[in-house]
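Let me begin by presenting the structure, written as structure tokens, before commenting on it.
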Amino acid sequence: MQRIYLLSDATGETVERVVRAALTQFKNVDVKLHRMSRLRTREDISLALDEAAKQPGVIFYTLVDNVLAQYLHNEANLRELEAIDLITPLLFKLASLLGIPPQKEPGLLYQLNTEYYKRMEAVDFTVKQDDGQEPRNLYKADIVLVGVSRTSKTPLSMYLAHKGYKVANVPIVLGIEPPKELYQVEKIRVVGLIIDAKRLVDIRSARLRNMRQSPRGSYADYQRVEEELDYCRKLYRKHPDWQVIDVTNKSVEESAAEILKRYDEGFPD
């Protein structure tokens with residue numbers, strides 16, 4: 001059995017992924033990986049190398065501090081251990097190419113990966129909660145958007161999801177009570193969307209034309225739209241702790257900024 005030691009100043013996930021990716025090119029090999037993470041002082045490195053020397057094998061390491069990287073290299077040589085630096089040559093090449101020095105902050109890639117997976121999880125949740133789907137999961141949402149049809153619930157939901165927020169949206173339909181689960185959501189998380197009636201008629205009419213349908217039905221009828229919005233306003237008045245956003249002539253980005261301002265005030269870091 002061959003031993004491979006993975007040394008890192010952060011979690012060690014980066015060096016392990018690189019080595020595992022390389023190992024996929026070799027079939028039926030007996031290899032044991034030993035990960036040693038958060039090595040941020042000379043003492044940490046010396047202790048790790050002493051441990052590796054007990055059962056020698058090759059060492060792969062990622063240390064963004066080139067002083068510590070050089071120390072590891074020298075100490076490994078003293079112990080007659082083979083150590084391969086996976087990150088310093090890359091950092092030097094990129095620094096030369098970009099004309100700026102690296103930040104030398106351990107764990108940046110891990111932080112980026114964590115943020116990426118958080119966003120993907122939020123997007124997946126938001127897609128599944130679109131248009132009132134799975135109301136039993138409303139309590140899991142960071143933000144719940146409510147409003148009549150064509151008030152930008154879905155575009156807003158997806159925009160916020162890509163910022164890492166789990167968003168659900170619930171349609172408000174004239175004469176139909178929203179799902180009971182909506183009233184169980186923490187009030188500060190609920191955002192009611194409202195819009196000018198004439199603007200909503202224009203949006204719905206354009207939608208119908210794009211679908212090659214007549215805009216003369218009740219969906220884009222001004223009187224019907226007024227009734228829907230009045231029903232919506234009455235619902236919002238019953239729940240004064242809900243945030244209400246007027247999305248008339250606002251971009252998704254502008255509406256999202258208003259929502260997040262209230263959200264951040266209610267849930268400060």
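Keep in mind that glycine also has a Cβ here, set from the backbone N, Cα and C atoms.
Given the structure is predicted, the values throughout are model-derived calculations rather than measurements.
Annotated in Swiss-Prot:
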- Gly147, Val148, Ser149, Arg150, Thr151, Ser152, Lys153, Thr154: ADP binding site (BINDING)
Sparsest-packed of the listed binding-site residues (Arg150, Lys153) - C-beta count within 10 angstroms: Arg150
Site with most surrounding Cβ atoms, counting all protein chains shown within 10 Å, from the binding-site residues Gly147, Val148: Gly147
Thr151 (ADP binding site): tally of other CB atoms within 10 A of its CB: 28
Surrounding CB atoms that lie within 10 Å of the CB of Thr154 (ADP binding site), all protein chains: 16
Neighbour count (Cβ, 10 Å) for Ser149 (ADP binding site): 16
Cβ-based neighbourhood (8 Å from the centroid) of the ADP site, residues Gly147, Val148, Ser149, Arg150, Thr151, Ser152, Lys153, Thr154 excluded: Asn169, Pro171, Leu193, Ile195
Neighbouring C-beta atoms (10 Å sphere around the C-beta of Ser152 (ADP binding site)): 21
Mapped DSSP class for Thr154 (ADP binding site), helix or strand or coil: helix
